[in-house]
Amino acid sequence: CCGVPNAACHPCVCKNTC
């Protein structure tokens, strides 16, 4: 979902920083 305009996708999920 990284780079995709989706409100359900958080940056920390894509960057594995959660």
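Cβ coordinates are placed from backbone N, Cα and C, and glycine is handled just like the others.
As recorded in Swiss-Prot, the features of this protein are as follows:
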DISULFID  Cys1-Cys9  disulfide bond
DISULFID  Cys2-Cys14  disulfide bond
DISULFID  Cys12-Cys18  disulfide bond
MOD_RES   Pro5  4-hydroxyproline
MOD_RES   Pro11  4-hydroxyproline
MOD_RES   Cys18  cysteine amide
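Where Swiss-Prot records a feature, it is marked here on the structure.
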residue: Cys9; record: disulfide bond; Cβ within 10 Å: 13
residue: Pro11; record: 4-hydroxyproline; Cβ within 10 Å: 10
residue: Cys12; record: disulfide bond; Cβ within 10 Å: 9
residue: Cys14; record: disulfide bond; Cβ within 10 Å: 13
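In the three-state DSSP classification, Cys12 (disulfide bond) falls within a helix.
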